[in-house]
Amino acid sequence: MSMGSILAGPVALVAAAVFLLLPAASLGQLQVGFYNTSCPNAEVLVRQAVTAAFANNSGVAPGLIRLHFHDCFVRGCDASVLLTVNPAGGKTEREAPPNFPSLRGFEVIDAAKAAVERSCPQTVSCADILAFAARDSVNLTGNTFYQVPSGRRDGRVSNDSEALQFLPNPNSTAQVLTDGFGVKGLTAEEMVVLSGSHTIGRSHCDSFLFKNRERLANGTISPAYQALLEALCPPTTGPTTLITTEIDVSTPTVLDNNYYKLLPLNLGLHFSDDQLIRNATLAPFANSFAANETLWKEKFVAAMLKMGNIEVKTGSQGEVRLNCSVVNPGSSSTAGVEMLMFPGSASDAPADEVATS
């Protein structure tokens with residue numbers, strides 16, 4: 001079966017079930033094959049750009065998955081995280097501490113957008129390109145392909161304050177994590193599922209070093225592991241320290257369930273990772289995924305699809321950007337012009353309504 005076909009077996013069944021559970025408005029506006037007529041090679045062009053970048057640096061895959069996640073959690077999946085200029089003035093999401101300097105993969109999205117624009121000008125949104133690129137990254141690292149519904153439109157607003165408000169923190173407690181995902185319409189189990197993407201990628205010293213000293217004192221991190229981290233990270237570690245380490249010390253470039261297997265060994269890198277096995281509600285999920293990789297991958301695909309439907313803009317909302325880094329010429333520069341929709345919904349309301357939050 002070709003990569004362009006739906007993944008056979010249980011993962012396909014789970015994906016189909018997710019489509020059925022999505023609100024009717026979303027089903028009618030995001031759809032698999034949205035560009036079949038207007039730009040039939042869109043997904044192939046994105047896949048080629050991602051594959052080329054991955055061949056040069058495998059680190060782009062976790063970067064693109066995280067980029068999609070950070071996009072969807074702030075104003076929905078509208079590519080607002082890609083903007084380098086806030087039309088209303090002030091800093092963008094991209095410049096906020098949860099994203100800078102750690103967020104990466106922007107150049108891959110730019111390359112994919114350039115290829116798509118050459119083939120189908122002014123047709124494919126940056127938000128959809130980002131969703132496709134995240135899917136392709138999952139496939140390259142985990143050999144798991146799935147179809148991505150598309151039809152998203154690009155937003156015109158990007159504020160650093162909203163990134164600070166909505167993006168999870170690596171030092172968050174289980175309750176804070178669960179609440180934060182809940183605001184976006186995701187369950188506690190889906191939070192644990194999506195946390196498994198930490199099985200690939202790297203993290204900056206400032207995200208784990210100091211909180212882990214507290215964990216060392218209460219016995220929730222391996223002393224040998226913490227000693228290695230202390231040797232890696234300088235005493236002057238701060239937000240601008242660029243030194244990183246793998247989050248998964250066993251198979252850091254493979255999207256698998258080893259992340260969950262490391263947690264009971266006190267080898268979770270972040271405090272938030274460790275919280276998954278310290279909480280009575282979350283621990284059974286983490287344990288089941290440690291025991292069954294197929295189960296986790298099925299649920300991971302379903303959760304990625306659901307996350308990709310958060311607060312999407314469709315129809316006449318937003319725009320299709322010509323350049324993913326800036327809004328189109330003539331776009332509104334009013335900070336609150338775009339309506340934030342409820343998690344998992346797609347509204348036909350005009351894009352110039354005042355934001356509800």
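Note that Cβ sites are derived from N, Cα and C of the backbone, with glycine treated the same way.
Automated prediction, rather than curation, is the source of TrEMBL annotations.
Summarising the annotation, TrEMBL assigns active site, proton acceptor to HIS70. Among the features that TrEMBL reports, substrate binding site is placed at PRO168. The annotation heme b binding site is assigned in TrEMBL to HIS198. The Ca(2+) 2 binding site feature in TrEMBL is assigned to THR199, ASP248, THR251, ASP256. Taken from TrEMBL, the feature disulfide bond covers CYS39-CYS120, CYS72-CYS77, CYS126-CYS324, CYS205-CYS233. TrEMBL lists 29-328 with the feature domain 'Plant heme peroxidase family profile'. Annotation source TrEMBL lists signal peptide at 1-28. Among the features that TrEMBL reports, site 'Transition state stabilizer' is placed at ARG66.
Sorted by the number of other CB atoms within 10 A, the disulfide-bonded residues CYS39, CYS72, CYS205, CYS324 start with CYS39, the lowest. Of all the recorded positions given, namely CYS39, HIS198, CYS233, those whose Cα is no farther than the 10 Å limit from the Cα of ASP248 (Ca(2+) 2 binding site) are HIS198.
Taking the disulfide-bonded residues CYS77, CYS120, CYS126, CYS233 in turn, the residue surrounded by the fewest other Cβ atoms inside 10 Å of its Cβ turns out to be CYS120. Counting neighbouring Cβ atoms within 10 Å of each of the binding-site residues (THR199, THR251), the lowest count belongs to THR251. With respect to CYS72 (disulfide bond), the closest of these binding-site residues in Cα terms is HIS198, chosen from HIS198, THR251, ASP256. Residues THR199, ASP248, THR251, ASP256 make up the record's Ca(2+) 2 site, and a Cβ search at 8 Å around their centroid adds ILE200, SER250, PRO252, THR253, VAL254, LEU255, ASN257, ASN258, TYR259 from the same chain. The domain 'Plant heme peroxidase family profile' (29-328) scores a mean pLDDT of 97 in the predicted structure.
Listed in sequence order, VAL81, GLU93, PRO98, ASN99, LEU103, ALA163, LEU167 are the same-chain residues six or more apart from the residue listed as 'active site, proton acceptor' with CB atoms under 8 A from its CB.
Here the Cα atom of ASP256 (Ca(2+) 2 binding site) is found 31 Å from that of CYS324 (disulfide bond).
Ranked by CA distance from CYS77 (disulfide bond), the recorded positions CYS39, ARG66, CYS233, THR251 have ARG66 at the top as the closest. Highest local Cβ density among the binding-site residues ASP248, ASP256 belongs to ASP248, counted as other Cβ atoms within 10 Å over all protein chains shown.
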